[in-house]
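Per TrEMBL, the features are:
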| type | residues | note |
| --- | --- | --- |
| BINDING | CYS13, CYS35, CYS38, CYS44 | [4Fe-4S] cluster binding site |
| COMPBIAS | 90-99 | compositional bias 'Basic and acidic residues' |
| DOMAIN | 12-68 | domain '4Fe-4S Wbl-type' |
| REGION | 90-133 | region 'Disordered' |
Amino acid sequence: MSWVEDWTVVAACRGMDPDELFVQGAAQNRAKTVCSGCPVRTECLADALDNRVEYGVWGGMTERERRALLRRRPEVRSWRQFLESAKEHYERSGAERTGGELGAAAEVDPRFAAATQGAIPRQRNEAGSFGRA
């Protein structure tokens, strides 16, 4: 799946009450479950990081997690460019996976896995369980 420009129209959270994504404490974990299977999780996260969105759960990350990521990777000037490259690299590596097993991004390129902390979207595999896209 290539980069989706207008990601909001296919986001798993479209149509939800926005207040459900701008929560605190344990409610953030519930909000993050909406993101776990979202096909545009990476695009959402890139948008939030590039625009320094301070509140809410975006791309499966809380504001605290996004701030920590920004501190760890101050050299990244365009998160969209960085995550798009990571996503394309990860998708190209899919041909290398065998037996329907979905490998970890860290096995493909540790830089991307460390920087994105799972921002590559998860999709259901043939067995019906979630795996990396």
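One-based numbering along the chain as shown.
Any Cβ shown, glycine's included, is placed from N, Cα and C.
TrEMBL annotations: computationally assigned, not manually curated.
Computed from a predicted structure; not experimentally measured.
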Fill in: CYS35 ([4Fe-4S] cluster binding site) - helix vs strand vs coil (DSSP)
helix
Worksheet item: Relative to the mean position of the Cβ atoms of CYS13, CYS35, CYS38, CYS44, the recorded [4Fe-4S] cluster site, which additional same-chain residues have Cβ within 8 Å?
Response: ALA11, ALA12, VAL34, VAL40, ARG41, VAL57, TRP58, GLY59, GLY60
Fill in: DSSP-derived structure type at CYS44 ([4Fe-4S] cluster binding site), helix or strand or else coil
helix
Discussion item. Can you give me the average pLDDT across the domain '4Fe-4S Wbl-type' (12-68), rounded to a whole number?
Written reply: 94
Worksheet entry | Reduced DSSP assignment, CYS13 ([4Fe-4S] cluster binding site) | coil
